[in-house]
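Asker: Have a look at this one.
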């Protein structure tokens, strides 16, 4: 995990940004979470940051999304660390209805198809998050 956090700091620095202590802690909490994390749960787990308020956590989450280090799963109103932060991409998530876990797929073909279809419709896509609901492998076993 420390290696990923160090890579994240390097990525952020290359973008001309800074990984603050709060941003790093929020990213660590996302990485440690077994399922998508809600903002208020993250806030409750910010040890040693007693003065942190909701706007603090939302600013950190916005930053992590903007830099490609996290995604928001809209239907759950929750966040996950990005497993493919080294490049910009559309996110495709498999969300389990039983255990509430979410797995990010690196679905390049899906991203390219979305881009082609939106361009054909005259729409300039800025980002896309595809959420597929169902039962994960573990819960189906």
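Using N, Cα and C of the backbone, Cβ positions are placed for all residues, glycine too.
Here TrEMBL flags 96, 99, 136, 139 as Zn(2+) binding site.
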Asker: For residue 96 (Zn(2+) binding site), what is the tally of other C-beta atoms lying within 10 angstroms of its C-beta?
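Answerer: So the number of other Cβ atoms within 10 Å of residue 96 (Zn(2+) binding site) is 18.
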Asker: Is residue 139 (Zn(2+) binding site) helix, strand or coil when read with DSSP?
Answerer: helix
Asker: Name them in sequence order: residues not among 96, 99, 136, 139 whose Cβ is within 8 Å of the mean position of the Cβ atoms defining the Zn(2+) site.
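Answerer: Here the nearby residues are 97, 98, 100, 101, 135, 137, 138, 140.
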Asker: In sequence order, which residues at least six apart in the same chain have a CB under 8 Å from the CB of residue 139 (Zn(2+) binding site)?
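Answerer: Same-chain residues close to residue 139 (Zn(2+) binding site) (Cβ under 8 Å, separated by 6 or more) are 96, 98, 99.
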Asker: Give the number of CB atoms, excluding that of residue 99 (Zn(2+) binding site) itself, located within 10 Å of its CB.
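Answerer: Total other Cβ atoms inside 10 Å, all chains included: 13.
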Asker: Restricting to the chain of residue 136 (Zn(2+) binding site) and a gap of 6 or more, list residues whose Cβ falls under 8 Å of its Cβ, or answer none.
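Answerer: Set apart from residue 136 (Zn(2+) binding site) by at least 6 residues yet with Cβ under 8 Å, we have 94, 96, 98, 99, 101, 103.
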